[in-house]
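Okay, so here's the structure we're looking at.
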């Protein structure tokens, strides 16, 4: 497909750019992705864009996901899921253009039309880790969000910390544990963790939405926490517990050569209910389990520093589009970077869009800006 007509955000020969919204996926965060899609599909400006929702079943099958977007929302504690279908969606090049094709057994394939930009709302492995980005790069299809390398680094908490440290950003003490290390010499791992001091947080290195994370207060609970994390990823990161307030900042790519834009920082407060930290249920299931204060009640100089460091973290991993950067603000005023999320939760109640709303950029406008950035960013080396 020729991209020369897309730089204005309005391709010639058709009144509206066509946006394929991808969600679901093969990871344990499948349901979170569906909930994110419900928010985006409900808010995207359909007068401006021709929107095609495409669900990815847990098997990896791509299906056309039409109908009421409410089907992807949380219903109580029931988690939504993309069901497999006899009809399969593929992205193919036909006549020099990228077309979505729907095919079913014993039926003639149907063309859904040219895709101008893909909005991948995929969380976790096989989506947020550079894999879907690599597929879209190979097909020369523009897409929202970070590229292959930034997505991969942002997914791996170990290499993320290595990159941050090399950029001079302050990260907390941690131990990275591979499958081989744990299988070969678990006692050596226990000694490393014991030197960190307790409590510690045991995390899968390449999972999000707080999946598989445990807080461990003593050596006795370590093995069980490690095995729980290994259910999600055989590579782990074990972090020393840090006394501090949880501060977040939303980052949005600048236009052209402009610097990344940052929101007012927000503070996460977990309101008990059995939650020792900001876990999956507090994030997505229980409406009153956590709250966001934005702007965070910290000194003005700390707010400025959070925004500066968030932009630096965005640049350090080479992010594009959007990211959320999380910090600990310690009692002595130090800021310790916890992580960057290159595809943060994007439901209307998620912290990323909430912080932008508090900063003057509404949910629908934020979606529009991300699509604009993607339409005006070429694939390939940049």
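Here the Cβ of each residue, glycine as well, is placed from N, Cα and C on the backbone.
These figures come from a predicted structure and were not determined experimentally.
Record features, source Swiss-Prot:
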{"type": "DOMAIN", "residues": "161-372", "note": "domain 'ATP-grasp'"}
{"type": "BINDING", "residues": "193-248", "note": "ATP binding site"}
{"type": "BINDING", "residues": "326, 339", "note": "Mg(2+) 1 binding site"}
{"type": "BINDING", "residues": "339, 341", "note": "Mg(2+) 2 binding site"}
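Shown here: features listed in Swiss-Prot, placed on the structure.
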residue	record	contacts (Cβ under 8 Å, 6+ apart)
193	ATP binding site	175, 200, 219, 222, 238
207	ATP binding site	27, 28, 29, 124, 125, 232, 233
214	ATP binding site	201, 202, 221, 224, 225, 228, 229
242	ATP binding site	172, 328, 330, 336
326	Mg(2+) 1 binding site	246, 247, 248, 337, 338, 339, 340, 341
Number of other Cβ atoms within 10 Å of the Cβ of residue 228 (ATP binding site) across all protein chains: 15
Residue 339 (Mg(2+) 1 binding site), number of other Cβ atoms within 10 Å: 19
Whole-number mean of pLDDT values that fall within the domain 'ATP-grasp' (161-372): 93
Cβ neighbours of residue 341 (Mg(2+) 2 binding site) where a neighbour is any other Cβ within 10 Å: 23
All-chain count of other Cβ atoms within 10 Å of residue 221 (ATP binding site): 16
